[in-house]
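Straight from TrEMBL, the features:
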DOMAIN    23-288  domain 'NADH:quinone oxidoreductase/Mrp antiporter transmembrane'
TRANSMEM  56-76  transmembrane segment
TRANSMEM  122-145  transmembrane segment
TRANSMEM  151-171  transmembrane segment
TRANSMEM  178-196  transmembrane segment
TRANSMEM  202-219  transmembrane segment
TRANSMEM  240-261  transmembrane segment
TRANSMEM  281-304  transmembrane segment
DOMAIN    290-342  domain 'NADH dehydrogenase subunit 2 C-terminal'
TRANSMEM  325-345  transmembrane segment
Amino acid sequence: MNPQAKLVFITSLLLGSTITISSNHWVMAWTGLEINTLAILPMISKSHHPRAIEAATKYFLVQAAASALILFSSMTNAWHTGQWDITQLTSPESCTILTAAIAMKLGLAPFHFWFPEVLQGCSLITGLVLSTVIKFPPITLMLMTSQSLNSTMMTAMAILSVALGGWMGLNQTQTRKILAFSSISHLGWMAVIITYNPKLALLNFYLYVMMTAAVFLTLNSMKTLKLSTLMTTWTKTPSLSMMLMLTLLSLAGLPPLTGFLPKWLIIQELTKQEMASTATIIALLSLLSLFFYLRLAYCATITLPPHTTNHMKQWYTNKPTNVSVAILVTMSIILLPISPMIPTIV
């Protein structure tokens with residue numbers, strides 16, 4: 001892609017996100033979301049491969065439908081209350097429609113079908129943008145309207161997302177699809193807590209972005225799109241493979257790694273809200289996604305030649321690791337263990 005065009009699209013992406021995050025009026029928030037959608041479409045379809053074009057078309061249709069629902073929800077609310085303020089969403093019909101629209105924007109189950117297909121059709125870096133930056137404006141809208149959202153509907157969608165995110169990722173062999181189902185599962189954890197403790201949902205989102213960015217950038221450094229390629233990376237980049245294994249275990253939420261922190265706090269908060277049964281169900285369902293994280297970690301580090309894959313063995317390269325990957329991986333691993341020390345340092 002032309003560097004000038006890429007700069008325009010990235011600037012538009014940042015501008016759209018900033019407009020949505022900083023707006024109080026529904027029409028401005030909707031405008032920001034539309035700018036975001038139009039900016040990411042050329043980045044998805046830049047390879048001109050039929051699958052990339054298909055991914056861009058699916059993404060456009062789903063996001064257009066979700067944007068129309070957001071506009072419809074805000075207009076219905078303005079009709080009932082005379083308010084266009086985002087925080088003044090009081091009409092029950094508008095709340096239900098908005099919950100569905102934001103779920104569609106984010107890829108929460110049962111509106112999740114587009115996300116793995118779109119991620120499979122684009123490059124790893126575009127996949128990283130779709131999994132992190134693009135989700136920030138809808139999450140912000142969800143935070144601003146968290147008191148108005150339908151909590152029963154959110155809890156049902158959250159449990160469904162964690163279940164389907166784990167279940168459908170079990171038999172995948174493509175790393176991008178596995179990360180898409182991982183994203184759906186993590187969104188379920190955010191959705192279950194957002195109506196009770198929005199700050200905790202935001203903390204979960206920040207940590208998820210950090211860990212997902214680390215995994216995507218590591219896979220991009222290794223040029224790994226399939227599990228069969230991942231099996232041969234140990235001989236090529238052993239240190240990167242080890243870092244990938246630890247980051248994946250952190251993403252799975254194993255203690256004492258960083259990924260355990262949001263799960264621990266969410267289960268604690270759900271228990272305080274007398275939702276121990278929901279906390280138990282969601283914790284048990286997350287074991288499904290733990291399986292495919294462990295399988296990825298196993299393929300990255302423990303599967304050594306000779307093995308049964310007919311993939312060509314990679315040459316060992318003594319290339320230095322990218323600084324951003326090193327920082328993100330380090331934070332993904334040690335943020336929880338060192339957290340007791342932070343107050344003493346500050």
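Numbering starts at 1 and runs along the chain as displayed.
Cβ coordinates come from backbone N, Cα and C, glycine included.
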CB contact flag for the transmembrane segment (151-171) and the transmembrane segment (240-261), at least three pairs under 8 A: no
Tertiary contacts of the transmembrane segment (240-261), as residues 6+ beyond its ends and Cβ separation under 8 Å: 182, 203, 207, 210-212, 214-215, 218-219, 221-222, 233-234, 286, 289-290, 293-294, 296-297, 300-301, 321, 325-326, 328-329, 331-337, 339
Within-chain partners of the transmembrane segment (281-304) [C-beta distance under 8 Å, separation at least 6 from its ends]: 158-159, 162-163, 165-167, 169-170, 172, 175, 178, 181-182, 185, 188-189, 192, 227, 230-231, 233-235, 241-242, 244-245, 248-249, 251-254, 263, 267, 270
